[in-house]
Amino acid sequence: MNMRRVFGGVSTDLFPSRSMYRPLQSGGNLVMLFKGCRRFVRTTCRVSIPGGSLGNESKAPPRFLRDRKIVPDADPPNMEDIHKLYRLFEQSSRLTILTGAGVSTECGIPDYRSPNGAYSSGFKPITHQEFTRSSRARRRYWARSYAGWRRFTAAQPGPAHTALASLEKAGRINFMITQNVDRLHHRAGSDPLELHGTVYTVMCLECGFSFPRDLFQDQLKAINPKWAEAIESIDHGDPGSEKSFGMKQRPDGDIEIDEKFWEEGFHIPVCEKCKGVLKPDVIFFGDNIPKERATQAMEVAKQSDAFLVLGSSLMTMSAFRLCRAAHEAGAMTAIVNIGETRADDIVPLKINARVGEILHRVLDVGSLSVPAL
């Protein structure tokens, strides 16, 4: 079959070997049978059109990054809450911001704990112990992460990221801490302390050598060429869609993918310095935040005169401790989050709203001397 005709001329030579790929048409979808390892694996993908995921990706973000199913439902913020939050910015001189997944759901990156989050479908993230002890678990993690990387990195900073960057430039934020690993704050112009690390760096568990994730992505592709070519040809579908063919994006960038893709023949690079195990530079569940990083975050929290939590349920103790420490030290404390948080009983101001929406409303209230967004 002519693959140029199937894809409407969007891409050429995607499948150079007819002996390896056998495409079929089925119900408007493209069905590919490709040799994953030693047997054929059947998968289904939607045919992309110009301007879609195989088109010019420098244009507006794809629809899956604007899907409101990712963002939990919330009523528009009322004026009373907007003014209360405005006064916190106006009255503080040492304001610390702590951000969580709720600032990135507006960019199409799902969270874990909201009604639309990863946990709602029964997903359990990999633990540090599982990753370090099981080579099979590592193959599964890296295969899923490789497949989701292009989609994850296509996300753009959202309204919360841009508003916070402007507030920083205006001197209204003294320090920012984030639980997120997606680096969207950096792309908006901020430089937060990454409490849980970042997926943009890969590190060796043996010698500590680290290098950019993009380089590791290239290494994975080089040693798994047939697998990589097949997986990159698949359009993963929209988040939450019934047509996503079992490939739903996770908060850390990996996607749900059938084990047939990785259980045999998928190889993982080792550290070029010591041949050790390579891991994303993130804090998996069951792992500890490096002492120096945790100490810095705690010192900042205790020295703040205001502490604002944005888009976090504070269910991880590392984040909850910071909020509690700031509150006990006498700081004005507030939370903007959709749904309950661990600190609801100790924080005097809790606002149930989308972070990006209320921050932009706050900037419209009065003069915070903030640069135009």
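Just so you know, glycine gets a Cβ as well, placed from its N, Cα and C.
Small disclaimer: the values here were computed from a predicted structure and weren't measured.
Feature annotations, reproduced from Swiss-Prot:
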type	residues	note
TRANSIT	1-47	transit peptide
DOMAIN	75-373	domain 'Deacetylase sirtuin-type'
BINDING	100-120, 179-182, 311-313, 337-339, Val355	NAD(+) binding site
ACT_SITE	His196	active site, proton acceptor
BINDING	Cys204, Cys207, Cys271, Cys274	Zn(2+) binding site
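Here the features listed in Swiss-Prot are painted onto the structure.
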{"residue": "His196", "record": "active site, proton acceptor", "Cβ contacts under 8 Å, 6 or more apart": "Gln179, Asn180, Val181, Val282, Ile283, Ile289, Ser318"}
{"residue": "Cys204", "record": "Zn(2+) binding site", "Cβ contacts under 8 Å, 6 or more apart": "Ser210, Cys271, Lys273, Cys274, Gly276, Val277, Leu278, Lys279"}
{"residue": "Cys207", "record": "Zn(2+) binding site", "Cβ contacts under 8 Å, 6 or more apart": "Cys271, Lys273, Cys274, Gly276"}
{"residue": "Asn337", "record": "NAD(+) binding site", "Cβ contacts under 8 Å, 6 or more apart": "Gly100, Gly102, Val309, Leu310, Gly311, Ser312, Ser313, Lys350, Ile351, Asn352, Val355"}
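For the Zn(2+) site, the Cβ centre of Cys204, Cys207, Cys271, Cys274 serves as reference, and the other residues of the chain with Cβ at most 8 Å from it are Leu205, Glu206, Gly208, Phe209, Val270, Glu272, Lys273, Lys275, Gly276, Leu278. The Cβ neighbour count for Gly108 (NAD(+) binding site), using a 10 Å radius over every protein chain in view, is 26. With the fewest other C-beta atoms within 10 Å around its C-beta, Cys274 stands out among the binding-site residues Cys271, Cys274.
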